[in-house]
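*Asks:* Pasting the feature list from Swiss-Prot:
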- T12: active site (ACT_SITE)
- A167, C170, T173: Na(+) binding site (BINDING)
Amino acid sequence: MKHPKRPVIRSTTVIGVLRDGKAALGSDGQMTLGNTVVKHSTRKIRSLYQGRLLAGFAGATADAITLLDRFEEKLEAYNGKLERAAVELARDWRTDKYLRRLEAMLAIVSSERALIISGTGDVIEPEDGIVAIGSGSMYALAAARSLMKHTGLSARDIVRESLETAAEICIYTNNHIVVEEV
């Protein structure tokens, strides 16, 4: 339960795209506290499991880092099996008293899979190979779907263009963009 007077640290757009055997994941760099931008170049993308996976987060930064650490532990325990590690993290997140309070979401991509892990314990694998989380996610998702359908752009370029579109619309998204690829 959120404390009603506690300012919420939020803002972000993270989007991942699978295309032609490659995966790209990118984010903007803005972090806000309440209605104030406190940082423009926050890094929200991490390389995991010997560079085979990329993970991005939206939500409270400390909470997201905690979840990423747990997810890395699960990856090691399950020999890099993305789906199994994601399901086990979601199970823990849903049942553990401490983890249940964490306010974040994760977007994870490999060259073959794209998943969203939510705080409600859901593991979502979109049919179109596009994952998007954060305040500008719907703008970026719409742009990515259109670019996938109507262009031959690479996964990396689709992610970058989608984030640029979100930055033009969403006040919690900026154009300090980081894109990584596996």
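Numbers here mean position along the shown chain, with the first residue as 1.
In case you wondered, yes, glycine gets a Cβ from its N, Cα and C as well.
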*Asks:* Report, in whole Å, the straight Cα-to-Cα distance of T173 (Na(+) binding site) from T12 (active site).
*Replies:* 5
*Asks:* Can you name every residue in this chain, apart from A167, C170, T173, with its Cβ inside 8 Å of the center of the Cβ atoms of the recorded Na(+) site?
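*Replies:* The answer, listed by sequence position, is T13, D28, Q30, S135, G136, Y139, A140, L163, A166, E168, I169, I171, Y172, N174, N175.
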*Asks:* Using a 10 Å radius around its CB, how many other CB atoms surround T173 (Na(+) binding site)?
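*Replies:* Result for T173 (Na(+) binding site): 28 neighbouring Cβ atoms inside 10 Å.
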*Asks:* Provide the number of Cβ atoms within 10 Å of the Cβ of A167 (Na(+) binding site), excluding the reference atom itself.
*Replies:* 22
*Asks:* Going along the chain, which residues six or more apart from C170 (Na(+) binding site) have their CB under 8 A from its CB?
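*Replies:* Counting only residues 6 or more apart in sequence, the Cβ neighbours of C170 (Na(+) binding site) under 8 Å are T13, S135, G136, Y139.
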